Every structure is written in C-alpha cells, then in structure tokens.
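Here's what TrEMBL has on this protein:
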REPEAT    4-87  repeat 'Solcar'
REPEAT    95-207  repeat 'Solcar'
REPEAT    216-305  repeat 'Solcar'
TRANSMEM  285-308  transmembrane segment
Amino acid sequence: SLPAKLINGGIAGLIGVTCVFPIDLAKTRLQNQQNGQRMYTSLSDCLIKTIRSEGYFGMYRGAAVNLTLVTPEKAIKLAANDFFRHHLSKDGKKLTLLREMLAGCGAGTCQVIVTTPMEMLKIQLQDAGRIAAQRKLMAAQAHIPSAPAAPAAEPAVETRPTATQITRELLRSKGIAGLYKGLGATLLRDVPFSIVYFPLFANLNKLGQKDPNVKAPFYVSFLSGCVAGSTAAVAVNPCDVIKTRLQSLQRGVNEDTYSGILDCTKKIWQREGPTAFFKGAYCRALVIAPLFGIAQVVYFVGIAEFLLDMLPKRQA
C-alpha cells in the first residue's frame with residue numbers, strides 16, 4: 001500500500017543518513033575546495049580536522065535538515081519509481097530496460113521537489129566550517145595582529161547561521177526561488193542517477209531471487225543497493241560537483257563564483273582540470289552505497305507492514 005511504501009522510504013532514509021552523514025560532509029567540503037587555499041587532502045584528513053576544530057558533532061552540521069527532509073525525499077523517490085514501474089508494466093509484460101530507465105527518470109524528476117531545498121540548506125551548513133577555518137588560517141599566515149581587548153571582556157564567539165535563519169533570509173531576499181537555486185543542476189544529477197540506479201538494482205536483485213514471486217533475501221537487496229548506488233554515484237559525480245558549487249552561497253578566499261551550469265563547467269575545466277569533476281567521488285560512493293543498501297533492505301523487507309500489522313485491528 002502507498003502508506004506502507006511512504007513509511008518504508010522514510011525509515012530507510014533516516015537510518016541511512018544517520019550512518020553516513022559525516023562522509024557526506026567531507027564530500028561537500030572536498031568538492032568545494034578550489035585551487036589555492038586547500039584545507040583538506042583526503043576524506044580522513046577532513047574528518048580529523050573537523051573533529052579537532054568543531055568537535056565530534058561538527059561532523060553532523062546540517063544533519064537536522066537532512067533528517068527532517070530525507071523522509072519525504074526517499075519516500076517520494078522509492079514510491080514514485082514503484083508507481084511508474086507499475087503503470088509501465090500494465091500490459092502484463094516484463095519491463096524492458098528502456099521502460100525501467102523511464103521509471104527511474106520519473107522518480108528522479110519527482111524527488112527534486114524536496115531534494116533541491118534540502119541540499120541547498122545542507123550545503124551552507126556543511127561548508128561553513130571549512131570557510132571559517134580557511135579565513136582563520138589566512139589571517140594567521142598574514143600575521144594580522146588581533147585588536148587589544150579589555151581584561152574583563154569575553155572572547156568573541158563565532159556565530160554560524162542556522163537552517164532556519166538561512167531559509168528566512170532566502171525567502172525574504174529571493175522568495176521561494178532562493179531555496180531552489182541549482183534546480184537545473186539537481187535535475188542534471190538526480191535524473192541520470194535514477195536512470196542508472198533503479199534498473200541496475202532491479203536486475204541485480206533478481207539474480208538473488210529463487211522464485212520470481214518471492215522476495216530476494218535481505219542481504220541480496222543490501223548488496224544490490226550498494227553496488228547499484230555506488231556505480232550510479234560515481235557516474236554522475238561531475239554533475240554533483242557542479243550542483244554543489246552552484247548552491248554554495250559563500251566562497252572561500254580567492255574562490256570562483258559561477259553564473260550557471262555552463263559557466264561553472266567551463267571554469268572548473270579551465271582552472272582545475274578534468275579531474276576536478278571527480279572530487280569527492282569516492283566519498284560519494286561511500287555515502288550512497290550503504291545509504292541505498294540500507295534503504296532497499298528496509299523498503300523491500302517491509303518494516304512498515306510489520307508496524308502496521310501490530311496496530312490494533314478494529315472489531316467488525
């Protein structure tokens with residue numbers, strides 16, 4: 001049923017995001033680094049420096065936005081794919097690869113309604129620590145003397161905007177369109193991702209089914225989700241780099257600004273080289289693999305059906 005699908009998708013998203021969010025934060029910071037003042041050299045270097053400067057919970061900056069919106073996002077994505085697959089197979093025939101890709105395309109298109117504002121807010125929160133650390137380092141390198149403070153004065157505390165403050169400012173200055181900055185780049189990433197991911201997962205999952213009418217074991221669904229997710233993630237990583245750069249409202253020292261997808265692509269290619277389009281690719285694969293593996297296990301095992309069955313039945 002649709003309620004069960006939505007519950008399954010939501011639970012899957014919550015579990016997955018909680019497990020892999022620190023890697024996603026490292027991915028965003030690595031992708032936003034441009035030639036010049038580079039703060040991090042690798043995934044492990046980024047996480048270690050984040051813990052040192054921002055504490056353990058610094059790795060979860062922006063997680064609240066994801067945990068709030070990932071439920072409708074994953075629910076829409078998984079339920080929409082099922083919806084399109086159902087309607088594309090009404091003639092009773094097995095879905096062709098083209099129809100499976102069309103179903104994935106429909107799912108990817110539907111999910112950007114939630115994905116774009118979620119990613120927009122998450123990126124600002126995730127990248128704030130990198131920009132703050134970069135500015136401190138530049139000031140230290142320039143040997144800028146700090147202003148003398150009164151003996152009783154408390155040290156200045158760096159304040160960082162919250163998701164609510166960012167949302168209010170964007171709505172005030174740009175309206176609802178402010179939250180949908182980078183919509184085109186998000187579509188450019190999510191639609192091809194779904195076109196690759198859903199058919200690949202469906203066919204890998206079928207390999208573990210002994211009977212077409214019986215679900216594959218949970219470990220098959222998990223491994224199929226991991227393989228399909230990481231493959232699709234790496235394939236569309238150039239689009240993810242462009243989307244991340246376009247949605248970042250603040251820049252570090254001497255970092256480029258972009259006017260659109262073509263301008264961003266051109267500047268990255270010319271100033272950073274083609275390898276820059278694969279920044280954070282291994283981080284993204286590490287994020288997506290368990291995220292979608294967990295998501296597919298929860299979704300296909302059907303936790304929602306179990307929870308709904310436990311509700312007291314009304315007496316006839």
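Placed from the backbone N, Cα and C atoms, the Cβ positions cover glycine too.
Residue counts of the repeat 'Solcar' (216-305) by helix, strand and coil are 70 helix, 0 strand, 20 coil (DSSP-based). Counting residues per DSSP class in helix, strand and coil order gives 71 helix, 0 strand, 13 coil for the repeat 'Solcar' (4-87).
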